[in-house]
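Heads up: the structure comes next, in structure tokens.
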């Protein structure tokens, strides 16, 4: 009897581990329990929300005017950049039509979210954002920062979503070198938050320090062309056919406040 | 009837509190070396509250933590059940021991928790983790007197 009392829950736990790893039968149960315990995030975020509220209340009119002026300047600069971008996009589409290519650049819409907290798991590198299923967010959507890719939504509750970052060791992202298009797969390093390693680039390929890697959209997991990281270390081993490349992520979580979530088509 | 309910009410309260502590945003290193809070709280409840179905409760609490932290479902649950089983096995001795002996027991229970936690992780996602995690049992043992003091105050309220 004592044996059963201990080993029944043990077997249930092992069953849960296997079913969560191999199948997705329990996803709905997980979502329901996540909804039930989501008030915990509310309590955890209460002090920071309070701080933001007090900070906003205490902001002087002059500070707001200065901020507004600065943001208007930034907006004008971005609009000017966008004109060049739009012209290039049009030119690209015309060339595609002339060549009869079927590939089309998709125009994606984004939702703005705020980072609620950073990393509360020992083994996963993730952030919590203040948008959830109430804002039509779903598992798998891509999250971007102002400088580059942050990660992908792995869990949603009505008010919050969990984003698994590109620096997590289980997050594999297809990438390409901006300079010459050489492709590889990046993943995070467990012991270092600020590093990515690139796999499957052969040792005779041309990669140099400072090269910028972008998302390549192979597998359609992440949209193409968003900055991932810059090469900071290259190593070549005689017994290994692949280069050992390390990147410094372009988008870090330090001082990260707002994120953009790509809407599903 | 009231008396039998009390241990579960207390467990619900301390679980809520432990989950809040577990969800606090901390820097990566601090998070990795921090104690397994839910285990510490569960050890206290297991030792000082006689109750039935303790391993099923460990399963339930572990699943809650798995979902809260986005870990593999059952990973914390398995670790909590078996480390809880160790404490249940030495319960009599634990109950009458002085604080430093209790800290040794907590260290062993936290080590069992860590081994199972990393074993599941390694089997599924590969042997890839930060070595700062190995300090978690030590910090658990160091924090045990504080947890015990705080929960004993709460228990008598």
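Just so it is clear, glycine is given a Cβ too, placed from its N, Cα and C backbone atoms.
Automated prediction, rather than curation, is the source of TrEMBL annotations.
For the transmembrane segment (B:7-24), the list of distant contacts is 37-38, 40-42, 44-45, 49-51, 57, 61, 64-65, 68-69, 151, 154-155: same-chain residues at least six beyond its ends, Cβ to Cβ under 8 Å. TrEMBL lists B:7-24 (among others) with the feature transmembrane segment.
Residues or ranges marked as transmembrane segment in TrEMBL: B:30-48 (among others).
Annotation source TrEMBL lists transmembrane segment at B:55-72 (among others). Taking Cβ pairs closer than 8 Å, the transmembrane segment (B:55-72) reaches residues 11, 15, 19, 22-23, 38, 42, 78-81, 84-85, 120-121, 124 in its own chain, all 6 or more past its ends.
The transmembrane segment annotation in TrEMBL covers B:78-97 (among others). Sequence-distant contacts of the transmembrane segment (B:78-97), counting only residues of its own chain at least 6 positions beyond either end whose CB sits under 8 Å from a CB of the stretch, comprise 36, 38-39, 42-43, 46-48, 54-55, 58-59, 61-62, 65, 105, 108-110, 112-114, 116-117, 120.
For B:104-124 (among others), the entry in TrEMBL reads transmembrane segment. Proximity of distant same-chain residues to the transmembrane segment (B:104-124), defined by a Cβ-Cβ separation under 8 Å and at least 6 residues beyond the stretch ends, is recorded for 35-36, 39-40, 43, 72, 74-76, 78-80, 82-84, 86-87, 90, 93-94, 97, 133-134, 136-138, 140-141, 144.
According to TrEMBL, the feature transmembrane segment maps to B:130-151 (among others).
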For the transmembrane segment (B:130-151), distant same-chain residues with Cβ under 8 A (at least six beyond the ends): 14, 28-29, 32-36, 39-41, 43-44, 99, 102-104, 106-111, 113-114, 118
